[in-house]
Amino acid sequence: MEFDTIAAISTALGEGAIAIVRVSGDDAVEKVNRIFKGKDLTEVPSHTIHYGHIVDLDTNQVIEEVMVSIMRAPRTFTRENIVEINCHGGLVSVNKVLQLILAQGVRLAEPGEFTKRAFLNGRIDLSQAEAVMDLIRAKTDRAMNVAINQMEGRLSKLIGRLRQDILETLAHVEVNIDYPEYDDVEEMTHNILIEKATHVRAEIAKILETSKQGKILREGIATAIIGRPNVGKSSLLNSLVQEKKAIVTDIAGTTRDVIEEYVNVRGVPLKLIDTAGIRETEDVVERIGVERSKEMMSQADLVLVVVNYSEALTNEDEELFRAVQGKDFIVIVNKTDLPQAIDMERVIELAAGNRVITTSLIEEQGIDELEKAIADLFFEGTIDSADVTYVSNARHIGLLTQAGKTIGDAIEAIENGVPIDMVQIDLTRTWEILGEITGDTVHESLIDQLFSQFCLGK
């Protein structure tokens, strides 16, 4: 496949030691060589780095001191010639280098276009391409490992094997229908077809079993910290984040807005939401914060309910317990360094079988137990991202669910005695749906939409 030559800044914009401008295309080396003062880049071997300067051809002025990496097709990310220019970080210098490259007839790359070319040129499939963005956005080591496994093709291989099984079954059916006189080909009976289709459905279900945990590792657990004012919600957030992100004071109602922070809890990414203290209030600003807190609580995957060990339960406390019924929640009884005034038996009763953990955040007690409880709740205490192929992408989960239903329709049709040639339709559709995961049967408009979500220069 032939494309024009593209370029973009591949590092984050801002001040830094190094910035990288990436160029990809058949004539990438020749275009960069025009503005490079140093070795003739068209003569150097592939996968080598060269020192020199970028020069403005109009003024013959040296613009930047650079190191240039030359990587020749097909052993590159895009399977095209790639040049990467390492220059000093900073908005002015790196943008000037980019502008000089574009002046040589190179086009500014669209978001995700380098990865899109890697896909279109057969370097990676669509699920591997999507994993590139997952790797960039990974919040924990576990999430990073899941993305790397997908980039290396672990999910692709599973899907490929399923599609091959279906294809072989379809071919067998075709031979039976078109060439019934062939005695050396086993007859595809309803029983054999049910066995093969059931195997495919079971494998799809097995992959989908990892989807809840996979989605958590990819997107995090939306976790709302709720409680009356001054029970220690912001202190809990700070203890988990291990930095002073929220303002902590002894004045009730200090947190008037919703504070969000990602935190790594034993490999699980938590999107922590510290909410304004929920209570009746006449303060307009505080009341807005309270309403937003209630909204965030309803959207959360996990709720941490904080109550005060040194105070008796109030009607507001009990109302919070009623509000979280039906959700995953953990109760934190904070301030155990103070004299007890709370009725712990009542707390356990209101928790309705959910974990109750006592803490003294000021003395840094109870956080380890809380982190373990969170990991136990969602992963039964273990996360084996190295050996398990997690499916974490919502698009993949949707397609696998759809494929499972379609193959289920095929099994039902076979059991009801529908002619085998009619069952082919559902089998073929299942094969096509699974192909959408890897990009083998996907529409071009979807490809464009997926890659438009990537960052520029990737």
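The backbone N, Cα and C atoms fix where each Cβ goes, and this holds for glycine too.
Note that the structure is predicted; figures quoted are calculated from it, not measured.
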Query raised in the report: So Swiss-Prot lists ARG22, ARG123, LYS458 for (6S)-5-formyl-5,6,7,8-tetrahydrofolate; which of GLU84, GLU152, GLU432 goes with them?
Result: GLU84
Report task. Find, for the listed binding-site residues ARG22, ARG123, the residue with the lowest Cβ contact count at a 10 Å cut-off, counting only other Cβ atoms. Result -> ARG123
Report task. Please name which of the binding-site residues listed here, ARG22, GLU84, ARG123, LYS458, is nearest in space to LYS233 (GTP binding site), Cα against Cα. Result -> LYS458
Report summary line: Least crowded of the binding-site residues LYS233, LYS458, counting other Cβ atoms within 10 Å of each Cβ, is LYS458
Query raised in the report: For the binding-site residues listed here, ASN230, SER234, which shows the highest count of neighbouring CB atoms within 10 A?
Result: SER234
Query raised in the report: Among ARG22, GLU84, ARG123, LYS458, listed as contacts of (6S)-5-formyl-5,6,7,8-tetrahydrofolate, what is the widest Cα spread in Å, to the nearest whole number?
Result: 19
**Report entry** For GLU84 ((6S)-5-formyl-5,6,7,8-tetrahydrofolate binding site): intrachain residues, at least 6 apart, with Cβ closer than 8 Å
**Finding:** SER10, ILE20, VAL21, ARG22, VAL23, VAL68, SER69, MET71
